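Straight from TrEMBL, the features:
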type: BINDING; residues: GLY49, SER50, GLY51, LYS52, GLY53, THR54, ARG162, LYS205; note: ATP binding site
type: BINDING; residues: ARG75, LYS96, ILE97, VAL98, GLY123, PHE124, PRO125, ARG126, ARG166, ARG177; note: ribonucleoside 5'-phosphate binding site
type: BINDING; residues: ASN130; note: CMP binding site
Amino acid sequence: MRGGLVASARLLPRPLVRWFLQRRAQLDINENMLGGKKVKIIFVLGGPGSGKGTQCSNIVEHFGFIHLSAGELLRAEINSGSENGTMIDTIIKEGKIVPSEITIKLLQEAIIKGGNDKYIIDGFPRNEENRAVFESVINISPEFVLFFDCSEEEMERRLLGRNQGRSDDNIETIRKRFKVFVESSLPVIEYYESKGMVKKIDATKPAPEVFEDDGKRMKFTNGIT
Ligand SMILES: Nc1ncnc2c1ncn2[C@@H]1O[C@H](COP(=O)(O)OP(=O)(O)O)[C@@H](O)[C@H]1O
Ligand SMILES: Nc1ccn([C@@H]2O[C@H](COP(=O)(O)OP(=O)(O)O)[C@@H](O)[C@H]2O)c(=O)n1
Ligand SMILES: [Mg+2]
């Protein structure tokens, strides 16, 4: 897939743990305000099934972030019986992208409600509209952007085995989501890459290796917040 184009020699894939340890100093410097509190945001991007949700759980456990999945917020909105629920449901089943104001409102509410100042936001911004509207409405730049690079073949295998009863994890919708990812989401990654903000992760490897390549190194993550 086109993910390879985003890489550059200085962005050699490294496990997530080392990346977070290296960026700790930067995370302590930048300050953005939302809802009267200082907020630090990291975006996690990557194709459907690249392992964003799985690795965000690791990051939450070891680095004290609150994880917000744009997709999960949208699914919760459907299940809440909101007036937009049917429309969101239809868009997700088609593998398309929900209008930005809906997703950004859900993200904004979750950030303001959250009892923490560090948020890892997964599956957002998924297109240029998401990015531009977030920038103008929320007015916060991410500290950096993690890009989970994974082959379509591997992502398809993972999605078909995900078994969470999702209406979009069927082969027809998966193919549409891959197309949307290449056409709409990769340009966002390229935008952040042009600003030197992207950390590319080799997400094709088994999950423990994506987080770190050596189980023994986990002890160094204790106490890092
Ligand atoms: N590195 C990996 N290797 C194999 N399977 C994985 C890996 N990471 C995640 N998975 C599995 O693949 C599926 C998709 O992972 P998930 O984290 O939900 O991806 P995403 O949020 O990017 O769609 C899940 O069933 C998950 O358990
Ligand atoms: N920023 C976003 C994120 C998700 N979505 C929708 O929600 C679906 C599921 O997103 P997700 O992030 O949970 O999917 P995965 O990449 O985790 O498989 C997407 O295919 C879109 O239809 C969206 O419209 N806008
Ligand atoms: Mg996910």
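A Cβ is built for glycine as well, from the same backbone N, Cα and C atoms used for every other residue.
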When you rank ARG75, GLY123, ARG166 by Cα distance to THR54 (ATP binding site), which of the binding-site residues ends up on top as the closest? GLY123
Largest tally of Cβ atoms lying within 10 Å of a Cβ, found at which of the binding-site residues GLY49, GLY51, PRO125: PRO125
At the level of the C-alpha atoms, what whole-angstrom distance separates PRO125 (ribonucleoside 5'-phosphate binding site) and LYS52 (ATP binding site)? 13
To see if you understand the setup: which same-chain residues, six or more apart in sequence, place their Cβ under 8 Å from that of ARG166 (ribonucleoside 5'-phosphate binding site)? ARG75
Here the binding-site residues are GLY53, GLY123; which one has the lowest number of other Cβ atoms no more than 10 Å from its Cβ? GLY53
Are there any residues at least 6 positions away along the chain from SER50 (ATP binding site) with a Cβ closer than 8 Å to its Cβ? List them or say none. PHE148, ASP149, CYS150, MET155, ALA203
When distances run from the Cα of GLY51 (ATP binding site) to each of the binding-site residues ILE97, GLY123, ASN130, the nearest one: GLY123
Over all pairs in GLY49, SER50, GLY51, LYS52, GLY53, THR54, ARG162, LYS205, the listed ATP binding residues, work out the largest Cα-Cα distance in Å. 17
